[in-house]
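Colleague: First the structure, then my questions, so here it is.
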Amino acid sequence: MSILEWFWNILCGMAQYLTFSKNLTNDNLVNIYVKSNVGGTISVNLDPKSDIKNVKELVAPKLGLEPDDVKIIFAGKELLDSTVIEVLDFFSDILHAVKVNKKIKNVIPDKPLCETLEELHQLNDQKNVESIEESNLKNEGKNKAHFFIYCANPCKKINTGKLRVCCSECKHGAFTVDTDPQSWADVLDKNKITGVCNNVGCEGLYAKFYFKCASHPSQGENDTAVPLNLIKRNHKKIPCLACTDICDPVLVFSCDNRHVTCLECFKNYCGSRLKDRQFLSHPDFGYTLPCPAGCSNSFIEEVHHFRLLTDAQYEQYHRFATEEFILQAGGVLCPQPGCGQGILIDQNCNRVQCSCGYVFCGKCLEGFHLGECLNPTDVPFLSQNCDYPLDPEKLEKARWDEASSTVIKVLTKPCPKCRTSTERAGGCMHMICTRANCGFHWCWVCQGPWERDCMASHWFG
């Protein structure tokens with residue numbers, strides 16, 4: 001794409017966005033953008049009751065052609081002259097005008113994609129075949145979107161979406177499909193549906209399907225959204241597996257049983273698993289969850305479904321996913337309270353220093369120490385030298401709350417030799433362990449033996 005074409009697309013997108021609120025004029029005319037396959041975009045005003053034949057009559061003279069020499073393409077279909085504008089799944093989108101090439105076999109005009117998908121949906125339902133879902137609910141005639149998407153910009157939420165088609169090679173919208181998609185696999189997988197690209201100089205053979213948000217005016221051909229293929233209209237009236245209510249829409253898991261849950265119960269399910277940190281790290285799908293019934297082959301592949309969580313929960317989900325990735329890669333998380341930064345470590349080096357300044361052992365995640373790591377029950381307590389021994393497990397249960405242990409970890413560091421917690425109350429960084437039979441000299445900063453380098457660099461911090 002040249003700089004001029006890129007700049008033109010930006011201007012078209014801005015014009016569409018700024019003028020959409022004025023699309024309905026005093027004469028009830030709708031402003032429509034028609035893009036030619038030889039470059040340039042034409043703006044025409046039409047009555048919503050107008051048909052494609054009227055579009056050709058307005059557009060053809062501006063292209064120097066006769067109406068019969070022009071075909072109009074929208075969402076992978078060459079439209080019939082009798083197709084009425086208002087029945088299209090159209091929301092400030094772009095129609096494509098292409099000169100008819102009489103030397104080659106042209107595609108037979110067809111119904112718009114939104115109508116043919118309705119017919120396919122009913123047929124596939126009878127055959128019990130997975131199909132692209134659409135809504136048969138009443139009072140939804142004006143909303144032709146049959147999909148759910150996550151709109152990252154500007155809506156930043158889950159909305160209904162609309163299916164669009166372009167050439168997989170040049171990404172131009174003047175592409176007609178040979179057959180309609182029969183399943184989600186046809187839409188999501190590459191090179192499933194063949195067709196003809198009408199863009200000059202392109203010989204692309206495969207369709208690329210993508211989705212746009214139906215809740216805001218199109219911001220250009222590059223305005224896309226993430227499809228949420230598990231969220232569907234509940235036209236079958238299936239009850240939720242948790243609350244047994246019949247809700248719409250619902251989420252249908254990919255397990256063999258195709259378990260159904262309402263969106264509210266799905267949010268509760270994800271929230272409880274997130275709180276207990278029970279999401280699983282899948283090698284192909286990332287940090288995700290399976291069907292709550294424990295079915296095999298039921299992991300959620302598109303993680304944007306978790307956008308149903310609150311912003312705070314989704315931020316926590318992202319943090320946990322990042323931490324899990326680091327742990328799976330052999331890294332560690334800084335044990336310093338209030339930090340938790342992920343660190344990829346050298347497996348041959350036990351001494352790890354976080355950017356927060358905390359130095360710890362890469363194996364046991366305790367403060368850095370010399371010698372072998374000790375089991376938690378082997379860590380010495382100062383109280384063991386008196387007549388009042390404390391059991392670590394019972395001591396853990398006897399806490400008022402976790403605040404005291406957090407303060408201790410922040411204000412103290414363990415002796416690198418014997419692990420006795422030591423608090424620094426000012427002064428220099430030269431520490432001497434006070435535990436009997438230890439007396440190890442060490443550096444508060446690097447948590448290693450007190451040496452000349454420490455004297456030079458760390459004496460006062």
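Cβ atoms are placed via backbone N, Cα and C, with glycine included.
Feature list, courtesy of Swiss-Prot:
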DOMAIN    30-90  domain 'Ubiquitin-like'
MOD_RES   Ser92  phosphoserine
ZN_FING   145-227  zinc finger
BINDING   Cys151, Cys155, Cys213, His216  Zn(2+) 1 binding site
BINDING   Cys167, Cys170, Cys197, Cys202  Zn(2+) 2 binding site
MOD_RES   Thr176  phosphothreonine
REGION    236-461  region 'TRIAD supradomain'
BINDING   Cys240, Cys243, Cys262, Cys265  Zn(2+) 3 binding site
ZN_FING   240-295  zinc finger
BINDING   Cys255, His259, Cys291, Cys295  Zn(2+) 4 binding site
SITE      His304  site 'Implicated in binding to phosphorylated ubiquitin'
SITE      Arg307  site 'Implicated in binding to phosphorylated ubiquitin'
SITE      Tyr314  site 'Implicated in binding to phosphorylated ubiquitin'
ZN_FING   315-373  zinc finger
BINDING   Cys334, Cys339, Cys354, Cys356  Zn(2+) 5 binding site
BINDING   Cys361, Cys364, His369, Cys373  Zn(2+) 6 binding site
ZN_FING   411-452  zinc finger
BINDING   Cys415, Cys418, Cys433, Cys438  Zn(2+) 7 binding site
ZN_FING   415-446  zinc finger
ACT_SITE  Cys428  active site
BINDING   Cys443, Cys446, Cys454, His458  Zn(2+) 8 binding site
Colleague: Starting from the Cβ of Cys454 (Zn(2+) 8 binding site), draw a 10 Å sphere and report how many other Cβ atoms land inside it.
Modeller: 20
Colleague: Cys446 (Zn(2+) 8 binding site): which of the recorded positions Cys151, His304, Cys339, Cys361, Cys373, Cys428 have a C-alpha within 10 angstroms of it?
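Modeller: If one measures from the Cα of Cys446 (Zn(2+) 8 binding site), no recorded positions come within 10 Å, so the answer is none.
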Colleague: Restricting the comparison to the recorded positions Cys170, His259, His304, Cys339, which residue's C-alpha is spatially nearest the C-alpha of Cys364 (Zn(2+) 6 binding site)?
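Modeller: Checked the recorded positions Cys170, His259, His304, Cys339; minimum Cα distance to Cys364 (Zn(2+) 6 binding site) goes to Cys339.
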Colleague: For Zn(2+) 2, what surrounds Cys167, Cys170, Cys197, Cys202 with a Cβ no more than 8 Å from their Cβ centroid?
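Modeller: Sorted by sequence, the hits are Cys166, Ser168, Glu169, Lys171, His172, Ala174, Phe175, Asn198, Asn199, Glu203, Gly204.
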Colleague: If the Zn(2+) 6 site is taken as the center of the Cβ atoms of Cys361, Cys364, His369, Cys373, which further residues of that chain fall within 8 Å of it by their Cβ?
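Modeller: Apart from Cys361, Cys364, His369, Cys373, the close residues are Asn350, Phe360, Lys363, Leu365, Glu366, Gly367, Phe368, Glu372, Leu374.
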Colleague: Based on Cα coordinates, which of the following recorded positions are within 10 Å of Tyr314 (site 'Implicated in binding to phosphorylated ubiquitin'): Cys243, Arg307, Cys428?
Modeller: Arg307
Colleague: Other Cβ atoms within 10 Å is the metric here; tell me which of the recorded positions Cys155, Cys197, Cys356, Cys428 scores highest.
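Modeller: It comes out as Cys197.
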Colleague: Need one number: mean pLDDT over the region 'TRIAD supradomain' (236-461).
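Modeller: Over the region 'TRIAD supradomain' (236-461), the predicted model scores a mean pLDDT of 78.
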